[in-house]
């Protein structure tokens, strides 16, 4: 966006990764919903397309904002007039530095995971967001103990009702063949021939796109397809090596067949996990899919950035940080403006793309001394994704975030087919979750945006016999 706005200026992209993430097959589904694919491409593609862009492959060592300089790890320094920090986030590992704990966030770690899985009979997955959900659904031939701190799965995206709807798909023994995926597979240039070192957790690869598990052969050693046991309302208390566990002289458990009879495990495992509910399971390795923390560390030393409660760099409504001529966008930043009542920040690919594009517009407006309005994408939180092969659309305050007790929920559910939930407050629609091919996203988007009083329609709002799309067309 910057290169297009300023064709005669030099634009530097400093990145530690040998590839760049390109947005392809972009499709505006509705006013605020967008679908796109994320592909990894060599950086030369970008330089060919925009001759004023130069890609510098190196990590950043230090930022000296008072001198307007960036120092890279390869010993060079670069001056800037305006700077935008888009360094993303890094996985929040449950235990740092344990070789049996893998965090999944980028393509390197996904490959390390795949390699480990091929020799595994049982793994423990910790976390309850999008990556954990996808992972648990895709893994075959390996026992999965899934530890979540909430009552229900997918807490970031769903309520207990939606979780219940999806869980039937998770426990179904015979899986439908996965739908062929259009996205190209993720590889890093030149890396195929030579063996890649396993990604160290402090080396940040680029964040996975929405279909990251496609094309990864996620299969363990066992013959059965799908075995998942969910331990709810618990977290990992401690991790023991095999040696430590033997000295403990405590009993670990086999994979639970039914809730009631949990038997002691005779097998010796490489690593053991003790959960806060007192249960201990042995496994081959542990996947930490417990969210991300903004990757601000390289930029803080010697610079007085205002930092948000979640650890991100605070930005105002023009994506400015608290330091002059420094902007931030995506996972690294914390939106600190007064948001629309139906928008909130969430560290997702869709928002990273929107914020990056909007930050470039703001940098251009500031340079030219023009004023700029807040982009429309910040009017309504809207995200479309896929879980368990279902299309999933979340809109507005879809989990009644911040609405207190003063709201009501309306539901419609057809087992195995669709799940529709709307969040209502004072007769107005504030949010919605749509799972399956409901075709309601555009109608609901409009109803949330224009805040029309819907009290008159009552329960009929979700009545399948009332064709609501036509009604509000």
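Just so it is clear, glycine is given a Cβ too, placed from its N, Cα and C backbone atoms.
TrEMBL annotations: computationally assigned, not manually curated.
TrEMBL annotations:
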- 21-185: domain 'FAD/NAD(P)-binding' (DOMAIN)
- 260-356: domain 'FAD/NAD(P)-binding' (DOMAIN)
- 386-451: domain 'NADH-rubredoxin oxidoreductase C-terminal' (DOMAIN)
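As a whole-number mean, the pLDDT of the domain 'NADH-rubredoxin oxidoreductase C-terminal' (386-451) in this prediction is 89.
Summarised by DSSP class, the composition of the domain 'NADH-rubredoxin oxidoreductase C-terminal' (386-451) is 10 helix, 32 strand, 24 coil. Taking H, G and I as helix, E and B as strand and the rest as coil, DSSP gives the domain 'FAD/NAD(P)-binding' (260-356) the counts 15 helix, 28 strand, 54 coil.
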